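Have a look at the structure below before the remarks.
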Amino acid sequence: MFFSGLISKLHVHGTKRTNHFTIFHRLNHFVTTSSSSVTPLSPQDRNKLLATLLSNCTSLARVRRIHGDIFRSRILDQYPIAFLWNNIMRSYIRHESPLDAIQVYLGMVRSTVLPDRYSLPIVIKAAVQIHDFTLGKELHSVAVRLGFVGDEFCESGFITLYCKAGEFENARKVFDENPERKLGSWNAIIGGLNHAGRANEAVEMFVDMKRSGLEPDDFTMVSVTASCGGLGDLSLAFQLHKCVLQAKTEEKSDIMMLNSLIDMYGKCGRMDLASHIFEEMRQRNVVSWSSMIVGYAANGNTLEALECFRQMREFGVRPNKITFVGVLSACVHGGLVEEGKTYFAMMKSEFELEPGLSHYGCIVDLLSRDGQLKEAKKVVEEMPMKPNVMVWGCLMGGCEKFGDVEMAEWVAPYMVELEPWNDGVYVVLANVYALRGMWKDVERVRKLMKTKKVAKIPAYSYASTTF
């Protein structure tokens, strides 16, 4: 209350339109002027007040301005402790600027300020966000030297780091080193396995956690229900549903866990159960609506998905990029070409959302399935980012369906460049030649596969890939 009250005083003194510069200079006045009617602040209180000022920032630009003021005031040099550095880093992370957070950490190290048990988890998170796993491993060495390895926040951070890097043995090693591990470490290992598509292992870890006597929280349940959805195990889904009900509390909003149940049942093919949960929810957010739309689309319920999207807009809920992946996927499954084009254009024109690879993949897939291969090619050529193998694969699938040799020969080199080890493109190209009775070319492709020693991948087709 003291700090929030002082911030209010800093705002009301003087002009109405007080900006952060005015606040900062008044703060220095309160600290440095002994004749002030306000009791001068101690360095510790001043740092806490600056931390409060940072936490109240509503934009990245404001964080940068306050950081600049703090830097120019030389406060960080006068009081070389990690507290204020940590709060600056935390503010950058909160405003999705991990590179700035890392730069602050490097500045702290150059200033010979030792990181504390709160510093490292922030920088680990930043390193994970930009996939700088080399920096992450260096931070692990720092944690070992400073004796922070057993700290629960450092521990969970390193588990997440190694999982993201695909180094699951190292993640498990960090996890196993502490027999008194906390819930955060369990959540990190379960979440890491889930994101890596190792659903069975994630569920096994969840069972082990329950046996250890720890109760799951909403983060645990979101990860394990996602793993269950990946497995499509309805029996397990029912058991996890019970766990979610047990994990809910009156004090805590249950919207995250209920959204995870909608997603889980959708992936298990039970949209009736997903719909029941959705209808019973006291509160819904964009994730709730998007999970329903994506679920309907994945299960081939095109009309239901689009009706859900209509209702979402009617309720005034602003769609996000994931919402449009579901909407466009529904159009693909329903063969609704014109509607798909309209929704694709709507992303930018109505909601100022820049389409990503998944959205471009959907529209290319939609056009290719309809035989509009030239228009699909035009979309690919005009993409603002480099097409990935799935986008090329959708176009190649259309070539196979309609026997377009010229287009298939144009697409094939791009796919081979991206995945030279994959035989899928060769198989589809051979199929296109076979459809046109070009048997010499079919044989040429087969010989090329032998020459390049391309691995045979059974039952794989780019054309069947969905988003």
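Even glycines carry a Cβ here, placed using N, Cα and C.
Summarising the annotation, Swiss-Prot assigns transit peptide to 1-30 and lists experimental evidence as the type of evidence. Feature annotation from Swiss-Prot assigns repeat 'PPR 1' to 81-115. Annotation source Swiss-Prot lists repeat 'PPR 2' at 116-150. Annotated repeat 'PPR 3' per Swiss-Prot: 151-181, in sequence order. Here Swiss-Prot flags 182-216 as repeat 'PPR 4'. According to Swiss-Prot, the feature repeat 'PPR 5' maps to 217-251. Positions annotated as repeat 'PPR 6' by Swiss-Prot: 254-284. For 285-319, the entry in Swiss-Prot reads repeat 'PPR 7'. Taken from Swiss-Prot, the feature repeat 'PPR 8' applies to 320-350. Summarising the annotation, Swiss-Prot assigns repeat 'PPR 9' to 356-386. Taken from Swiss-Prot, the feature region 'Type E motif' covers 391-466.
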Other parts of the chain folded back onto the repeat 'PPR 8' (320-350), taken as Cβ under 8 Å at six or more residues beyond its ends: 286-287, 289-290, 293-298, 300-303, 305-306, 309, 312, 356, 358-359, 362-363, 365-367, 369-370, 372, 466-467
Distant-in-sequence neighbours of the repeat 'PPR 6' (254-284), which means Cβ under 8 A and at least six residues beyond its ends: 218, 221-222, 225-226, 228-230, 232-234, 237, 240-241, 244, 247-248, 291-292, 294-296, 298-299, 301, 304, 317
Average pLDDT across the repeat 'PPR 1' (81-115), rounded to a whole number: 92
